[in-house]
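Here the structure comes first, spelled out in structure tokens, and everything after it is commentary.
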Amino acid sequence: MDRAALRAAAMGEKKEGGGGGAAADGGAGAAVSRALQQCGQLQKLIDISIGSLRGLRTKCSVSNDLTQQEIRTLEAKLVKYICKQQQSKLSVTPSDRTAELNSYPRFSDWLYIFNVRPEVVQEIPQELTLDALLEMDEAKAKEMLRRWGASTEECSRLQQALTCLRKVTGLGGEHKMDSGWSSTDARDSSLGPPMDMLSSLGRAGASTQGPRSISVSALPASDSPVPGLSEGLSDSCIPLHTSGRLTPRALHSFITPPTTPQLRRHAKLKPPRTPPPPSRKVFQLLPSFPTLTRSKSHESQLGNRIDDVTPMKFELPHGSPQLVRRDIGLSVTHRFSTKSWLSQVCNVCQKSMIFGVKCKHCRLKCHNKCTKEAPACRITFLPLARLRRTESVPSDINNPVDRAAEPHFGTLPKALTKKEHPPAMNLDSSSNPSSTTSSTPSSPAPFLTSSNPSSATTPPNPSPGQRDSRFSFPDISACSQAAPLSSTADSTRLDDQPKTDVLGVHEAEAEEPEAGKSEAEDDEEDEVDDLPSSRRPWRGPISRKASQTSVYLQEWDIPFEQVELGEPIGQGRWGRVHRGRWHGEVAIRLLEMDGHNQDHLKLFKKEVMNYRQTRHENVVLFMGACMNPPHLAIITSFCKGRTLHSFVRDPKTSLDINKTRQIAQEIIKGMGYLHAKGIVHKDLKSKNVFYDNGKVVITDFGLFGISGVVREERRENQLKLSHDWLCYLAPEIVREMIPGRDEDQLPFSKAADVYAFGTVWYELQARDWPFKHQPAEALIWQIGSGEGVRRVLASVSLGKEVGEILSACWAFDLQERPSFSLLMDMLERLPKLNRRLSHPGHFWKSADINSSKVMPRFERFGLGTLESGNPKM
């Protein structure tokens, strides 16, 4: 397409290089004319390339490997052209430059290359030039970009590009050794060219002595005849064996001498192989090697060639592990799987979603329709190892899991011997003594053999294709740009596995930090798809065992045939509750949902995982679950006693300040434990709290999340609301309720649980709900606006300390509501009722309670009179 323009640019460059002295004699006019001619020719190439790039970004699917390769090729060319324009302009003194020459390079072209949004470009003043932005300091430039509406990612991307351009152009077009810049925050290909592509520009044309930084970007090997535009970029690229995947085999080529000597590079024997020079950043402890001369023959074949070079044998310093680069990214195809969430935002369109897809490689979450617009997938090397304590689970007495030993693949380079293994860190004292030993964070081999793979509390042995859930690795913010995958290169690499230990990165899944989600939850969500009985023990040439999460699920699975179902004892929005027997008396919660719907089944298994990790005296004991469709059920211990709802409304029961305090403290202990585990109850109310002989047990936590998929017969234009449910809902939830929206889409949070506890606290004092005999429409307005709560607080007389707790829990702003730990401290400040049973007033008070059915009076404590029929409430 632009071959003729490239030849013209090459001829102009040769004239510039050959007639330097004549140009100097000709004066400034000749230099200006030559610079204008060069910039004009380059601008034509830029316009042609930008037109092609615009078509690729708008008309083609960016998730396609071929499209990604073409986009990177054009972006690489455009960056080279713009930097060449800047260097041509800088070759002329500022006083001799004309207005036409100063207009190069165009700022709009630079912004388009890095994929700045059009609305941001429109806000940028027309008079602003690239030179003016280069002269600004980092803070000022970032502030201006933000003022024009640029996002944080766009600001960071442009700042890195400008920093590199400053280093190149600040030398007046003369390239020096220290002008190179290696990116530490690489970006996605859809957001602009890789930053490492720019780093090679600062090293173009430099002397060939000493080691250089290595760019890991997959720059295309072009057959361009312009030596000045291609040499500087090509000689610093890492051969990624066509696929762009950086493997240990590719790492060996960093330190491998050329198979073809420099004197024979023009001989017609066979295409030469051109390994790059060693990198200071990848191997900081390696001895310096002389820089290898770049071969110019067969340049067009280097990008599509797999070089089988023989690694050079050398000795590393004793005990020095290889340092893996943190900015290495691998370009792969998305591996989407269907997912369901309680509340999630699409990473592409930024809209809320319940059902969608998630990439198992880069953990991208989006709608199914947004996959065409999703950015390219990346797998990152995980640089640091962090230990995580293994949760203890009971042995599976119903479904024993066969955990056979599994072969392990080495991940250490051959140069590292057994004596040079890094020292292992000690595990937590609470961990299983047979747990897998971890290596130091800088070690490239964090996977070692477990001493007891058959233990019930020990997760499966890790392999290169599987993550051990006890190890968590902090991710970097983004992944480096790399060349697209090639199926041929993948198969070739796997065929060569006996020769070179290759890490199967296509099976490894990199983790990304997600706001508000622990790594354990992320693992559960990613591996909750299938039970281990339906998973294959071998997947591809590299083995991969069932995940630890799926093993946990099978250990808690109870065959429905073993459960004896009794009479129904309750009905919830998600199904019926039956009394039953399974090694004793249990409560069986049958879920009325389509078990053959994979999305619903995954959501159910996720709730099982939430139940599995709970162990507290004030939380119902989880015993297992029936997970074989169509029989889906959660089995818990049977709660004796009465619900708190019926207990406080029974006029025969006596509730003094000590008893209400004790009940509230028990509820706070259980809720505080759930919140510490990262579990939001979502349906805390007096009907879900059982009270028996002074003991409080909280039930049905988390089940509210699946109520939206259970009650599918609802009408789209109607809201079915119960009075007892509205009284426990926080204002921010009531304001989000619209017809057709499922309950699991509402913004439930820990603060919403605190609000619900406020209503329970009110019931303990007043023995009724705060709003009575009002239609649902009136309750929605009173709760959503906060007016009804203010009226209740102003009209009721419950005492200072009780009112403070109530007003704190019912705060309109969720940020002002206290945590359950603070609520416990507030309860401790309540006055205590210390009166002996032999006090004369005790018998009179008891008779008064039984006769008039009113609560005792505590005027001496300032608590006022509480009656069950108070008309003010």
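Cβ atoms here come from the backbone N, Cα and C positions, even for glycine.
Summarising the annotation, Swiss-Prot assigns region 'Mediates association with membranes' to 1-170.
Annotation source Swiss-Prot lists compositional bias 'Polar residues' at 206-216.
Swiss-Prot lists SER297 (among others) with the feature phosphoserine.
The phosphoserine feature in Swiss-Prot is assigned to SER320 (among others).
SER337 (phosphoserine) falls within a strand when secondary structure is assigned with DSSP. Taken from Swiss-Prot, the feature phosphoserine covers SER337 (among others).
The annotation phosphoserine is assigned in Swiss-Prot to SER392 (among others) on the grounds of experimental evidence.
Feature annotation from Swiss-Prot assigns compositional bias 'Low complexity' to 429-458.
For 506-519, the entry in Swiss-Prot reads compositional bias 'Basic and acidic residues'.
Per Swiss-Prot, the feature phosphoserine maps to SER518 (among others); the stated evidence is a large-scale study or a structure entry.
Residues annotated as compositional bias 'Acidic residues' in Swiss-Prot: 520-530.
Marked as ATP binding site by Swiss-Prot: ILE569, GLY570, GLN571, GLY572, ARG573, TRP574, GLY575, ARG576, VAL577, LYS685, ASP700. Cβ neighbour count for GLY575 (ATP binding site) (all protein chains, 10 Å cutoff from its Cβ): 22. Under DSSP, GLY575 (ATP binding site) is assigned to a strand (E or B) in the three-state scheme.
Secondary structure at ASP683 (active site, proton acceptor), as computed by DSSP, is coil. Annotation source Swiss-Prot lists active site, proton acceptor at ASP683.
Annotation source Swiss-Prot lists phosphoserine at SER838 (among others), citing experimental evidence.
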For VAL577 (ATP binding site), the number of neighbouring Cβ atoms whose distance to its own Cβ is within 10 Å equals 20
Rounded Cα distance in angstrom between ILE569 (ATP binding site) and ASP683 (active site, proton acceptor) is 19
Cα of GLY575 (ATP binding site) to Cα of ASP683 (active site, proton acceptor), in Å and rounded, measures 15
Within 10 A of the CB of ASP683 (active site, proton acceptor), the number of other CB atoms across every chain shown is 24
Once DSSP output is merged into helix, strand and coil, ASP700 (ATP binding site) belongs to coil
Judged by other C-beta atoms within 10 Å of its C-beta, the most isolated of the recorded positions SER337, GLN571 is GLN571
Around the Cβ of ASP700 (ATP binding site), other Cβ atoms within 10 Å, all chains included, total 23
DSSP says ILE569 (ATP binding site), in three-state terms, is strand
